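Quick look at what TrEMBL lists:
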type	residues	note
BINDING	Gly160, Arg223, Gly224, Gly248, Asp249, Gly250, Thr251	ATP binding site
BINDING	Thr277, Ile278, Asp279, Met322, Gly323, Arg324, Glu378, Tyr433, Met434, Ile435, Arg436	substrate binding site
COMPBIAS	41-58	compositional bias 'Basic and acidic residues'
DOMAIN	154-457	domain 'Phosphofructokinase'
SITE	Gly250	site 'Important for substrate specificity'
Amino acid sequence: MAPPPASPADSAPDPRPTASAPVPITVPSPRDHAHHHHLVDRRDTPRGRAWEPERNRRGEAMDGAAAVKLVPGEAGYVLEDVPHVSDYLPDLPTYSNPLQDNPAYSVVKQYFVNPDDTVCQKIVVHKDGPRGNHFRRAGPRQKVYFEPDEVHACIVTCGGLCPGLNTVIREIVCGLSDMYGVTKILGIQGGYRGFYARNTITLTPKSVNDIHKRGGTILGSSRGGHDTVKIVDSIQDRDINQVYVIGGDGTQRGAGVIFEEVRRRGLKVSVAGIPKTIDNDIPVIDKSFGFDTAVEEAQRAINAAHVEAVSAENGIGLVKLMGRHSGFIAHYATLASRDVDCCLIPESPFYLEGEGGLFRYIEKRLKDNGHMVIVVAEGAGQKLIAETMQSIGKDASGNELLLDVGLWLSQKINEHFKKNKMTINLKYIDPTYMIRAIPSNASDNVYCTLLAHSVVHGAMAGYTGFTIGQVNGRHCYIPFYRITEKQNRVSITDRMWARLLSSTNQPSFLCNKVVEEAKKEHERATRLLDGSPSHRKG
(Lines of atoms letter the chains of each structure in order from A and count residues from 1; the text may use other names and numbers.)
(Lines give C-alpha, C1' and ligand atoms only; values in the text may rest on other atoms or scores of the structure.)
Protein backbone atom coordinates (compact mmCIF):
# COMPACT_ATOMS: atom_id res chain seq x y z
CA MET A 1 0.00 0.00 0.00
CA ALA A 2 1.50 3.31 -1.04
CA PRO A 3 1.86 5.92 1.68
CA PRO A 4 -0.68 8.74 1.63
CA PRO A 5 0.47 12.12 0.36
CA ALA A 6 1.89 14.39 2.99
CA SER A 7 -0.54 17.01 4.17
CA PRO A 8 0.56 20.63 4.35
CA ALA A 9 1.65 21.52 7.85
CA ASP A 10 -0.93 24.25 8.18
CA SER A 11 -3.82 21.95 7.23
CA ALA A 12 -2.98 18.91 9.36
CA PRO A 13 -5.30 18.21 12.27
CA ASP A 14 -4.15 19.29 15.71
CA PRO A 15 -2.91 16.27 17.71
CA ARG A 16 -4.36 17.73 20.88
CA PRO A 17 -8.08 17.42 21.78
CA THR A 18 -10.50 18.70 19.14
CA ALA A 19 -13.70 20.62 19.64
CA SER A 20 -15.32 17.51 21.07
CA ALA A 21 -12.71 17.54 23.84
CA PRO A 22 -11.38 21.10 24.19
CA VAL A 23 -7.98 21.62 25.72
CA PRO A 24 -7.93 23.30 29.13
CA ILE A 25 -5.16 25.88 29.27
CA THR A 26 -2.64 26.43 32.02
CA VAL A 27 -3.03 28.76 34.94
CA PRO A 28 0.61 29.49 35.87
CA SER A 29 1.74 29.94 39.44
CA PRO A 30 2.56 33.39 40.85
CA ARG A 31 6.23 32.58 40.20
CA ASP A 32 5.44 32.22 36.49
CA HIS A 33 3.60 35.55 36.30
CA ALA A 34 6.65 37.28 37.68
CA HIS A 35 8.72 36.18 34.69
CA HIS A 36 6.52 35.10 31.78
CA HIS A 37 3.29 36.97 31.17
CA HIS A 38 2.86 35.20 27.81
CA LEU A 39 2.37 31.73 29.28
CA VAL A 40 -1.44 31.86 29.15
CA ASP A 41 -3.03 31.47 25.72
CA ARG A 42 -6.62 32.64 26.19
CA ARG A 43 -7.78 32.16 22.61
CA ASP A 44 -9.36 28.77 23.23
CA THR A 45 -10.23 28.99 26.90
CA PRO A 46 -13.18 26.61 27.42
CA ARG A 47 -15.90 27.52 29.85
CA GLY A 48 -15.89 25.53 33.03
CA ARG A 49 -12.67 23.77 32.10
CA ALA A 50 -9.28 24.87 33.35
CA TRP A 51 -6.09 23.47 34.64
CA GLU A 52 -6.08 23.02 38.37
CA PRO A 53 -2.89 23.33 40.41
CA GLU A 54 -1.75 20.02 41.84
CA ARG A 55 -2.74 19.71 45.46
CA ASN A 56 -0.85 18.28 48.38
CA ARG A 57 -2.26 15.63 50.72
CA ARG A 58 -4.24 18.22 52.68
CA GLY A 59 -5.90 19.51 49.55
CA GLU A 60 -4.03 22.80 49.52
CA ALA A 61 -2.73 24.21 46.24
CA MET A 62 1.03 23.84 45.94
CA ASP A 63 2.86 26.98 44.85
CA GLY A 64 4.58 26.45 41.53
CA ALA A 65 3.20 22.91 41.23
CA ALA A 66 2.40 21.41 37.87
CA ALA A 67 -1.02 22.36 36.60
CA VAL A 68 -3.44 19.51 36.09
CA LYS A 69 -5.29 19.22 32.79
CA LEU A 70 -8.76 17.77 33.23
CA VAL A 71 -11.28 17.40 30.44
CA PRO A 72 -14.65 16.16 31.72
CA GLY A 73 -17.22 14.50 29.49
CA GLU A 74 -20.52 12.70 29.65
CA ALA A 75 -21.25 9.71 31.89
CA GLY A 76 -18.50 10.57 34.38
CA TYR A 77 -15.72 10.59 31.77
CA VAL A 78 -12.58 12.43 32.89
CA LEU A 79 -9.51 12.79 30.69
CA GLU A 80 -6.38 13.42 32.74
CA ASP A 81 -4.37 15.02 29.97
CA VAL A 82 -0.66 15.80 29.84
CA PRO A 83 0.99 19.17 29.14
CA HIS A 84 1.95 20.32 25.66
CA VAL A 85 4.68 22.78 24.68
CA SER A 86 2.09 24.96 22.94
CA ASP A 87 0.25 25.42 26.25
CA TYR A 88 2.90 27.93 27.29
CA LEU A 89 4.43 28.72 23.87
CA PRO A 90 1.50 29.58 21.62
CA ASP A 91 1.74 29.89 17.83
CA LEU A 92 4.52 27.31 17.47
CA PRO A 93 4.98 26.07 13.89
CA THR A 94 4.03 22.48 13.12
CA TYR A 95 5.37 20.04 10.56
CA SER A 96 4.17 16.96 8.71
CA ASN A 97 5.20 13.74 10.41
CA PRO A 98 8.09 12.19 8.42
CA LEU A 99 6.84 8.76 9.43
CA GLN A 100 4.26 8.89 6.64
CA ASP A 101 7.07 8.88 4.07
CA ASN A 102 8.94 6.03 5.75
CA PRO A 103 8.84 2.99 3.41
CA ALA A 104 9.02 0.56 6.33
CA TYR A 105 5.66 1.85 7.57
CA SER A 106 3.90 1.88 4.19
CA VAL A 107 2.13 -1.38 5.10
CA VAL A 108 0.51 0.15 8.18
CA LYS A 109 -3.25 0.47 7.76
CA GLN A 110 -3.52 3.50 10.04
CA TYR A 111 -0.46 5.73 10.19
CA PHE A 112 -1.61 7.92 13.05
CA VAL A 113 -3.70 7.51 16.17
CA ASN A 114 -6.95 9.46 16.31
CA PRO A 115 -6.49 12.75 18.21
CA ASP A 116 -9.46 11.88 20.41
CA ASP A 117 -8.26 8.37 21.36
CA THR A 118 -7.99 7.81 25.09
CA VAL A 119 -7.32 4.79 27.31
CA CYS A 120 -9.51 4.06 30.33
CA GLN A 121 -7.81 3.35 33.63
CA LYS A 122 -10.61 1.13 34.90
CA ILE A 123 -11.49 -1.49 32.31
CA VAL A 124 -14.31 -3.24 34.21
CA VAL A 125 -17.39 -1.02 34.44
CA HIS A 126 -21.09 -1.43 35.14
CA LYS A 127 -23.82 -0.56 32.67
CA ASP A 128 -24.97 2.51 34.59
CA GLY A 129 -21.64 3.30 36.26
CA PRO A 130 -19.28 6.19 35.48
CA ARG A 131 -16.80 5.82 32.64
CA GLY A 132 -13.98 6.88 34.95
CA ASN A 133 -10.52 8.31 34.37
CA HIS A 134 -8.84 8.17 30.97
CA PHE A 135 -5.37 8.97 29.64
CA ARG A 136 -4.27 10.16 26.21
CA ARG A 137 -3.43 7.26 23.93
CA ALA A 138 0.21 7.02 22.83
CA GLY A 139 1.26 6.83 19.21
CA PRO A 140 2.38 8.90 16.21
CA ARG A 141 0.51 12.10 15.36
CA GLN A 142 0.03 13.55 11.88
CA LYS A 143 1.54 16.83 13.04
CA VAL A 144 4.82 17.15 14.93
CA TYR A 145 6.26 20.16 16.72
CA PHE A 146 9.93 19.39 16.04
CA GLU A 147 11.73 19.17 12.73
CA PRO A 148 14.19 16.23 12.68
CA ASP A 149 17.13 18.56 11.95
CA GLU A 150 16.37 20.75 14.97
CA VAL A 151 15.98 17.89 17.48
CA HIS A 152 18.80 17.57 20.00
CA ALA A 153 17.79 14.77 22.35
CA CYS A 154 19.38 13.39 25.50
CA ILE A 155 18.82 10.23 27.54
CA VAL A 156 19.59 9.71 31.24
CA THR A 157 19.21 6.68 33.54
CA CYS A 158 18.89 7.11 37.30
CA GLY A 159 18.47 4.95 40.37
CA GLY A 160 19.15 1.22 40.71
CA LEU A 161 19.76 -1.23 37.91
CA CYS A 162 16.98 -3.13 36.20
CA PRO A 163 16.82 -5.58 33.28
CA GLY A 164 15.90 -3.73 30.09
CA LEU A 165 17.61 -0.39 30.67
CA ASN A 166 19.92 -0.85 27.70
CA THR A 167 17.03 -2.01 25.54
CA VAL A 168 15.09 1.18 26.28
CA ILE A 169 18.17 3.31 25.50
CA ARG A 170 18.73 1.42 22.25
CA GLU A 171 15.13 1.74 21.09
CA ILE A 172 14.86 5.46 21.90
CA VAL A 173 17.96 6.07 19.79
CA CYS A 174 16.83 3.80 16.96
CA GLY A 175 13.26 5.12 17.12
CA LEU A 176 14.39 8.74 16.84
CA SER A 177 16.75 7.86 14.01
CA ASP A 178 14.77 5.30 11.99
CA MET A 179 11.29 6.78 12.35
CA TYR A 180 12.05 10.52 12.46
CA GLY A 181 15.52 10.97 11.00
CA VAL A 182 16.99 12.52 14.17
CA THR A 183 20.79 12.52 14.23
CA LYS A 184 21.75 14.45 17.39
CA ILE A 185 21.32 12.26 20.49
CA LEU A 186 23.38 12.52 23.67
CA GLY A 187 23.78 10.07 26.52
CA ILE A 188 24.07 11.70 29.96
CA GLN A 189 26.49 9.66 32.07
CA GLY A 190 26.06 8.89 35.75
CA GLY A 191 22.46 9.89 36.45
CA TYR A 192 21.13 13.39 37.14
CA ARG A 193 24.48 14.76 38.27
CA GLY A 194 25.84 13.83 34.85
CA PHE A 195 24.09 16.89 33.41
CA TYR A 196 26.56 19.15 35.17
CA ALA A 197 29.36 16.97 36.56
CA ARG A 198 30.13 14.27 34.00
CA ASN A 199 30.89 13.88 30.32
CA THR A 200 28.29 13.00 27.74
CA ILE A 201 28.56 10.47 24.94
CA THR A 202 27.13 10.59 21.44
CA LEU A 203 24.56 7.87 20.76
CA THR A 204 23.95 6.51 17.28
CA PRO A 205 22.12 3.42 16.01
CA LYS A 206 25.53 1.85 15.32
CA SER A 207 26.92 2.55 18.81
CA VAL A 208 23.86 1.06 20.56
CA ASN A 209 23.32 -1.80 18.12
CA ASP A 210 23.95 -4.70 20.51
CA ILE A 211 23.65 -3.12 23.97
CA HIS A 212 20.33 -4.87 24.61
CA LYS A 213 22.33 -8.08 25.07
CA ARG A 214 24.07 -6.64 28.13
CA GLY A 215 22.81 -6.03 31.64
CA GLY A 216 22.98 -2.70 33.43
CA THR A 217 23.12 0.61 31.58
CA ILE A 218 25.83 1.85 29.22
CA LEU A 219 25.22 5.36 30.53
CA GLY A 220 25.86 4.52 34.15
CA SER A 221 23.46 5.43 36.94
CA SER A 222 23.39 6.98 40.38
CA ARG A 223 21.04 8.07 43.13
CA GLY A 224 20.53 11.68 44.15
CA GLY A 225 22.43 14.52 42.48
CA HIS A 226 19.28 16.35 41.40
CA ASP A 227 20.04 20.07 41.16
CA THR A 228 17.19 21.51 39.10
CA VAL A 229 18.81 24.82 38.19
CA LYS A 230 22.11 23.22 37.15
CA ILE A 231 20.33 20.54 35.14
CA VAL A 232 18.13 22.99 33.23
CA ASP A 233 21.09 25.33 32.74
CA SER A 234 22.92 22.43 31.11
CA ILE A 235 19.90 21.60 28.95
CA GLN A 236 19.68 25.22 27.85
CA ASP A 237 23.42 25.64 27.26
CA ARG A 238 23.62 22.48 25.14
CA ASP A 239 20.49 23.44 23.14
CA ILE A 240 18.81 20.18 24.14
CA ASN A 241 15.10 20.15 23.33
CA GLN A 242 14.07 16.56 24.14
CA VAL A 243 14.91 14.96 27.50
CA TYR A 244 14.21 11.26 28.08
CA VAL A 245 14.43 10.26 31.74
CA ILE A 246 14.51 6.56 32.70
CA GLY A 247 14.02 5.81 36.39
CA GLY A 248 11.72 5.01 39.30
CA ASP A 249 9.24 7.15 41.17
CA GLY A 250 11.90 9.41 42.69
CA THR A 251 13.49 9.90 39.27
CA GLN A 252 10.11 10.66 37.68
CA ARG A 253 9.39 13.16 40.43
CA GLY A 254 12.68 14.83 39.56
CA ALA A 255 11.70 14.86 35.88
CA GLY A 256 8.49 16.64 36.84
CA VAL A 257 10.51 19.36 38.60
CA ILE A 258 12.73 19.70 35.53
CA PHE A 259 9.63 20.15 33.36
CA GLU A 260 8.34 22.85 35.69
CA GLU A 261 11.61 24.78 35.46
CA VAL A 262 11.66 24.37 31.68
CA ARG A 263 8.10 25.68 31.52
CA ARG A 264 8.95 28.58 33.82
CA ARG A 265 11.80 29.61 31.53
CA GLY A 266 9.59 29.27 28.47
CA LEU A 267 11.86 26.76 26.72
CA LYS A 268 10.71 24.63 23.83
CA VAL A 269 11.83 21.40 25.49
CA SER A 270 9.89 18.16 25.81
CA VAL A 271 10.55 16.30 29.07
CA ALA A 272 9.39 12.67 28.97
CA GLY A 273 9.80 9.79 31.39
CA ILE A 274 9.99 6.02 31.12
CA PRO A 275 9.13 4.51 34.52
CA LYS A 276 11.59 1.91 35.78
CA THR A 277 11.35 -0.26 38.88
CA ILE A 278 12.18 -3.90 39.19
CA ASP A 279 9.77 -4.11 42.16
CA ASN A 280 6.78 -3.30 39.88
CA ASP A 281 5.59 -0.70 42.40
CA ILE A 282 4.74 2.10 39.92
CA PRO A 283 0.97 2.76 40.18
CA VAL A 284 -1.52 3.08 37.30
CA ILE A 285 0.52 1.10 34.74
CA ASP A 286 0.03 -2.64 34.14
CA LYS A 287 3.63 -3.55 34.99
CA SER A 288 7.15 -2.16 34.90
CA PHE A 289 9.71 -3.26 32.33
CA GLY A 290 12.20 -5.78 33.74
CA PHE A 291 9.62 -7.36 36.04
CA ASP A 292 9.05 -10.43 33.86
CA THR A 293 12.80 -10.97 33.63
CA ALA A 294 13.19 -10.64 37.40
CA VAL A 295 10.47 -13.21 38.08
CA GLU A 296 12.00 -15.60 35.55
CA GLU A 297 15.51 -15.24 37.00
CA ALA A 298 14.15 -15.67 40.54
CA GLN A 299 13.08 -19.17 39.53
CA ARG A 300 16.74 -20.23 39.36
CA ALA A 301 17.30 -19.24 43.00
CA ILE A 302 14.08 -20.95 44.11
CA ASN A 303 15.01 -24.11 42.19
CA ALA A 304 18.42 -24.14 43.87
CA ALA A 305 16.82 -23.69 47.28
CA HIS A 306 14.42 -26.56 46.53
CA VAL A 307 17.28 -28.88 45.49
CA GLU A 308 19.20 -28.06 48.67
CA ALA A 309 16.11 -28.57 50.82
CA VAL A 310 15.07 -31.97 49.43
CA SER A 311 18.66 -33.24 49.58
CA ALA A 312 18.99 -32.88 53.35
CA GLU A 313 17.14 -34.10 56.41
CA ASN A 314 14.72 -31.40 57.52
CA GLY A 315 16.13 -29.19 54.80
CA ILE A 316 14.98 -25.57 54.58
CA GLY A 317 15.75 -23.40 51.58
CA LEU A 318 15.34 -19.68 52.27
CA VAL A 319 15.40 -17.24 49.32
CA LYS A 320 15.36 -13.45 49.70
CA LEU A 321 14.01 -11.55 46.68
CA MET A 322 13.71 -7.85 45.92
CA GLY A 323 10.68 -5.89 47.09
CA ARG A 324 11.26 -2.99 49.48
CA HIS A 325 7.62 -2.06 49.98
CA SER A 326 5.86 -4.19 47.34
CA GLY A 327 6.14 -7.96 47.21
CA PHE A 328 5.27 -8.54 43.55
CA ILE A 329 8.47 -10.39 42.60
CA ALA A 330 8.18 -12.76 45.57
CA HIS A 331 4.45 -13.17 44.91
CA TYR A 332 4.71 -14.01 41.20
CA ALA A 333 7.90 -16.05 41.55
CA THR A 334 6.14 -18.18 44.16
CA LEU A 335 3.11 -18.71 41.92
CA ALA A 336 5.33 -19.59 38.96
CA SER A 337 7.50 -22.01 40.92
CA ARG A 338 4.95 -24.16 42.78
CA ASP A 339 7.85 -25.45 44.93
CA VAL A 340 7.46 -22.74 47.57
CA ASP A 341 5.84 -23.57 50.90
CA CYS A 342 5.72 -20.03 52.34
CA CYS A 343 5.91 -16.54 50.85
CA LEU A 344 6.43 -13.50 53.08
CA ILE A 345 5.89 -9.99 51.67
CA PRO A 346 5.81 -6.45 53.14
CA GLU A 347 2.03 -6.08 52.60
CA SER A 348 1.19 -9.10 54.76
CA PRO A 349 2.49 -8.90 58.36
CA PHE A 350 3.57 -12.17 59.95
CA TYR A 351 4.65 -13.33 63.38
CA LEU A 352 6.99 -16.06 64.58
CA GLU A 353 5.80 -17.55 67.87
CA GLY A 354 2.56 -19.18 68.94
CA GLU A 355 -0.38 -20.82 67.24
CA GLY A 356 -0.65 -19.80 63.60
CA GLY A 357 2.89 -18.40 63.66
CA LEU A 358 5.69 -19.11 61.22
CA PHE A 359 7.60 -21.50 63.51
CA ARG A 360 4.57 -23.77 64.02
CA TYR A 361 3.98 -23.84 60.28
CA ILE A 362 7.64 -24.77 59.58
CA GLU A 363 7.43 -27.59 62.14
CA LYS A 364 4.30 -28.93 60.45
CA ARG A 365 5.74 -28.81 56.92
CA LEU A 366 8.96 -30.51 57.99
CA LYS A 367 6.97 -33.21 59.74
CA ASP A 368 4.73 -33.77 56.69
CA ASN A 369 7.23 -33.33 53.84
CA GLY A 370 10.71 -33.48 55.36
CA HIS A 371 11.75 -30.25 53.63
CA MET A 372 10.54 -26.69 53.02
CA VAL A 373 11.18 -23.68 50.76
CA ILE A 374 10.56 -20.14 52.04
CA VAL A 375 10.59 -17.00 49.86
CA VAL A 376 10.82 -13.63 51.62
CA ALA A 377 10.74 -10.15 50.07
CA GLU A 378 13.45 -7.81 51.36
CA GLY A 379 10.91 -5.43 52.93
CA ALA A 380 8.98 -8.11 54.83
CA GLY A 381 9.04 -8.30 58.61
CA GLN A 382 10.78 -4.95 59.13
CA LYS A 383 8.71 -4.15 62.22
CA LEU A 384 9.65 -7.47 63.77
CA ILE A 385 13.34 -6.88 63.05
CA ALA A 386 13.16 -3.31 64.38
CA GLU A 387 12.14 -4.67 67.77
CA THR A 388 15.62 -6.19 68.14
CA MET A 389 17.80 -4.02 65.86
CA GLN A 390 18.27 -0.32 65.13
CA SER A 391 17.46 1.38 61.80
CA ILE A 392 20.47 1.92 59.53
CA GLY A 393 19.43 5.22 57.90
CA LYS A 394 18.64 6.21 54.31
CA ASP A 395 20.33 6.02 50.92
CA ALA A 396 21.16 8.94 48.58
CA SER A 397 17.64 8.89 47.12
CA GLY A 398 16.04 9.22 50.55
CA ASN A 399 14.85 5.59 50.71
CA GLU A 400 14.96 3.84 54.07
CA LEU A 401 17.82 1.35 54.20
CA LEU A 402 16.28 -1.96 55.16
CA LEU A 403 17.64 -4.42 57.64
CA ASP A 404 18.48 -7.82 56.13
CA VAL A 405 15.36 -9.90 56.75
CA GLY A 406 17.00 -12.97 55.18
CA LEU A 407 19.90 -13.16 57.61
CA TRP A 408 17.65 -12.23 60.54
CA LEU A 409 15.05 -14.88 59.67
CA SER A 410 17.75 -17.53 59.15
CA GLN A 411 19.13 -16.78 62.60
CA LYS A 412 15.70 -16.84 64.25
CA ILE A 413 14.74 -20.16 62.63
CA ASN A 414 18.06 -21.78 63.64
CA GLU A 415 17.72 -20.47 67.20
CA HIS A 416 14.15 -21.78 67.52
CA PHE A 417 14.93 -25.31 66.39
CA LYS A 418 18.17 -25.46 68.37
CA LYS A 419 16.22 -24.51 71.47
CA ASN A 420 13.67 -27.23 70.70
CA LYS A 421 16.48 -29.76 70.04
CA MET A 422 15.41 -30.44 66.46
CA THR A 423 18.06 -30.72 63.75
CA ILE A 424 17.51 -28.69 60.58
CA ASN A 425 19.66 -27.89 57.55
CA LEU A 426 18.99 -24.32 56.42
CA LYS A 427 20.49 -22.83 53.27
CA TYR A 428 20.07 -19.08 52.63
CA ILE A 429 20.23 -17.73 49.07
CA ASP A 430 20.28 -14.02 48.17
CA PRO A 431 20.25 -13.51 44.36
CA THR A 432 19.37 -9.78 44.50
CA TYR A 433 22.19 -8.33 42.42
CA MET A 434 22.31 -11.31 40.08
CA ILE A 435 18.68 -10.59 39.14
CA ARG A 436 19.21 -6.83 38.70
CA ALA A 437 22.26 -7.21 36.50
CA ILE A 438 21.04 -9.59 33.80
CA PRO A 439 19.81 -8.57 30.32
CA SER A 440 16.06 -8.51 29.76
CA ASN A 441 14.32 -11.57 28.37
CA ALA A 442 12.37 -11.72 25.09
CA SER A 443 9.10 -10.54 26.62
CA ASP A 444 10.70 -7.51 28.27
CA ASN A 445 12.69 -6.69 25.13
CA VAL A 446 9.46 -6.34 23.16
CA TYR A 447 7.84 -4.34 25.97
CA CYS A 448 10.83 -1.98 26.22
CA THR A 449 10.70 -1.42 22.46
CA LEU A 450 7.04 -0.41 22.57
CA LEU A 451 7.61 1.92 25.54
CA ALA A 452 10.59 3.59 23.84
CA HIS A 453 8.84 4.12 20.51
CA SER A 454 5.70 5.44 22.24
CA VAL A 455 7.65 7.99 24.28
CA VAL A 456 9.45 9.18 21.13
CA HIS A 457 6.11 9.69 19.34
CA GLY A 458 4.88 11.76 22.30
CA ALA A 459 7.93 14.00 22.48
CA MET A 460 7.93 14.62 18.72
CA ALA A 461 4.24 15.55 18.90
CA GLY A 462 5.08 18.24 21.46
CA TYR A 463 3.77 16.56 24.59
CA THR A 464 5.85 17.15 27.70
CA GLY A 465 5.71 16.60 31.45
CA PHE A 466 4.51 13.03 30.98
CA THR A 467 5.57 9.44 31.47
CA ILE A 468 4.77 6.54 29.20
CA GLY A 469 3.01 3.43 30.46
CA GLN A 470 0.84 0.51 29.49
CA VAL A 471 -2.67 0.69 30.94
CA ASN A 472 -5.01 -2.21 30.26
CA GLY A 473 -2.79 -3.36 27.42
CA ARG A 474 -2.65 0.04 25.65
CA HIS A 475 0.21 2.52 25.81
CA CYS A 476 -0.70 6.02 26.94
CA TYR A 477 0.73 9.30 28.23
CA ILE A 478 0.34 9.73 31.98
CA PRO A 479 0.94 12.93 33.98
CA PHE A 480 3.96 12.69 36.29
CA TYR A 481 1.89 13.25 39.42
CA ARG A 482 -0.16 10.11 38.84
CA ILE A 483 2.81 7.77 39.07
CA THR A 484 4.61 9.51 41.94
CA GLU A 485 1.73 10.04 44.36
CA LYS A 486 1.85 6.53 45.85
CA GLN A 487 3.34 3.05 45.38
CA ASN A 488 1.64 0.08 43.79
CA ARG A 489 1.33 -2.72 46.34
CA VAL A 490 0.12 -6.30 46.44
CA SER A 491 -3.53 -6.48 47.51
CA ILE A 492 -3.83 -9.16 50.17
CA THR A 493 -7.60 -9.24 49.76
CA ASP A 494 -7.81 -10.13 46.07
CA ARG A 495 -7.84 -13.42 44.17
CA MET A 496 -4.17 -13.41 43.19
CA TRP A 497 -3.07 -13.48 46.82
CA ALA A 498 -5.72 -16.12 47.55
CA ARG A 499 -4.25 -18.23 44.73
CA LEU A 500 -0.83 -17.98 46.38
CA LEU A 501 -2.20 -19.03 49.77
CA SER A 502 -3.90 -21.96 48.07
CA SER A 503 -0.66 -22.91 46.31
CA THR A 504 1.57 -22.80 49.39
CA ASN A 505 -1.00 -23.84 52.04
CA GLN A 506 0.60 -21.29 54.37
CA PRO A 507 -1.38 -19.51 57.06
CA SER A 508 -2.46 -15.98 56.17
CA PHE A 509 -0.91 -14.62 59.41
CA LEU A 510 -3.62 -11.95 59.30
CA CYS A 511 -5.92 -10.80 62.07
CA ASN A 512 -9.42 -9.49 61.23
CA LYS A 513 -8.31 -5.89 61.78
CA VAL A 514 -5.59 -6.13 59.11
CA VAL A 515 -8.00 -7.72 56.62
CA GLU A 516 -10.65 -5.05 57.18
CA GLU A 517 -8.11 -2.25 56.77
CA ALA A 518 -6.90 -3.81 53.52
CA LYS A 519 -10.47 -4.05 52.22
CA LYS A 520 -11.14 -0.40 53.03
CA GLU A 521 -7.96 0.66 51.20
CA HIS A 522 -9.01 -1.40 48.17
CA GLU A 523 -12.48 0.20 48.16
CA ARG A 524 -10.94 3.68 48.40
CA ALA A 525 -8.65 2.96 45.46
CA THR A 526 -11.60 1.66 43.45
CA ARG A 527 -13.57 4.86 44.05
CA LEU A 528 -10.65 6.90 42.73
CA LEU A 529 -10.89 5.03 39.43
CA ASP A 530 -14.57 5.94 39.05
CA GLY A 531 -13.91 9.47 37.81
CA SER A 532 -12.59 11.17 40.92
CA PRO A 533 -8.95 12.00 40.13
CA SER A 534 -6.73 11.05 43.03
CA HIS A 535 -5.00 14.42 43.22
CA ARG A 536 -8.24 16.12 44.19
CA LYS A 537 -7.98 15.51 47.90
CA GLY A 538 -9.36 18.83 49.06
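Any Cβ shown, glycine's included, is placed from N, Cα and C.
Here the features listed in TrEMBL are placed on the structure.
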| residue | record | Cβ contacts under 8 Å, 6 or more apart |
| --- | --- | --- |
| Gly160 | ATP binding site | Ser221, Arg223, Gly248, Ile278, Arg436 |
| Thr251 | ATP binding site | Cys158, Gly159, Tyr192, Val245, Gly273, Lys276 |
| Thr277 | substrate binding site | Cys162, Gly248, Asp249, Ser288, Gly290 |
| Asp279 | substrate binding site | Ser288, Met322, Gly323, Arg324, His325, Ser326, Phe328, Ile329 |
| Met434 | substrate binding site | Glu297, Ala301 |
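With a 10 A radius on its CB, Arg223 (ATP binding site) counts 20 other CB atoms from all the protein chains. Residue pair Gly224 (ATP binding site) / Glu378 (substrate binding site) shows a Cα separation of 22 Å. When the Cα atoms are compared, Glu378 (substrate binding site) and Gly250 (ATP binding site) turn out to be 19 Å apart. Within 10 Å of the C-beta atom of Glu378 (substrate binding site) sit 25 other C-beta atoms, taking all shown protein chains into account. Per-site Cβ counts within 10 Å over the binding-site residues Gly250, Gly323 peak at Gly323.
Counted over every protein chain shown, other Cβ atoms within 10 Å are most numerous around Gly248 among the binding-site residues Gly224, Gly248. Model confidence over the domain 'Phosphofructokinase' (154-457) is summarised by a mean pLDDT of 93. In this record, ATP is bound by Gly160, Arg223, Gly224, Gly248, Asp249, Gly250, Thr251; the longest C-alpha to C-alpha distance in that set is 13 Å. The most densely surrounded of the binding-site residues Asp249, Arg436 is Asp249 (count of other Cβ atoms within 10 A of its Cβ).
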